[in-house]
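Look at TrEMBL and you will find 20-77 tagged as domain 'Methylguanine DNA methyltransferase ribonuclease-like'. Among the features that TrEMBL reports, domain 'Methylated-DNA-[protein]-cysteine S-methyltransferase DNA binding' is placed at 82-162. The active site, nucleophile annotation in TrEMBL covers Cys133.
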Amino acid sequence: MARILAQLPARGATLSCMFTSPIGPLRFAASGRGVTRVCFEGEPLLDDALSVSPLVTQELTEYFAGTRREFTVPLDLSGVTEFRAAVLRELAKVPFGETTTYAQLARAVGNPKAVRAVGSACATNPLPLFIPCHRVLRSDGQLGGYRGGVEAKRFLLRMEGIDV
């Protein structure tokens, strides 16, 4: 599971890099504390760019090659609300090759009626892949949405051995 750092105000320069993946180009931004944002093709990075630690590209290369199941890249959730952070911390616990539902996540954060809010937190997850929102399904077993597109979600789940 990726290491999520405490929510702290952002400090220091923001760095970014590009990574070519089987689901399309991905861009990453990072602070001095960890990765802050993952962007799919066509989405703007909200920060200025320089370069990110080679650890990001190494771990993603290993993940897409099927040799990495957990990320160790530090993640920075500064700027994320308490509720979203709670959802993302629970989501980060969902292991490779397993899925959960929006309703299960809502229960896990102690608010079983907040299913739509959990869905919104997943949809605005600033760190897809590292915090695996692609592993969240609807209660009826259907895929549901994904910021990177439903086909990317299907690809990632199949790559992890989940038949969808």
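Yeah, the Cβs are placed from backbone N, Cα and C, and that goes for glycine too.
When secondary structure is read from DSSP and collapsed to three states, Cys133 (active site, nucleophile) falls in the helix class. As a whole-number mean, the pLDDT of the domain 'Methylguanine DNA methyltransferase ribonuclease-like' (20-77) in this prediction is 79.
Across the domain 'Methylguanine DNA methyltransferase ribonuclease-like' (20-77), the DSSP tally of helix, strand and coil residues reads 12 helix, 18 strand, 28 coil.
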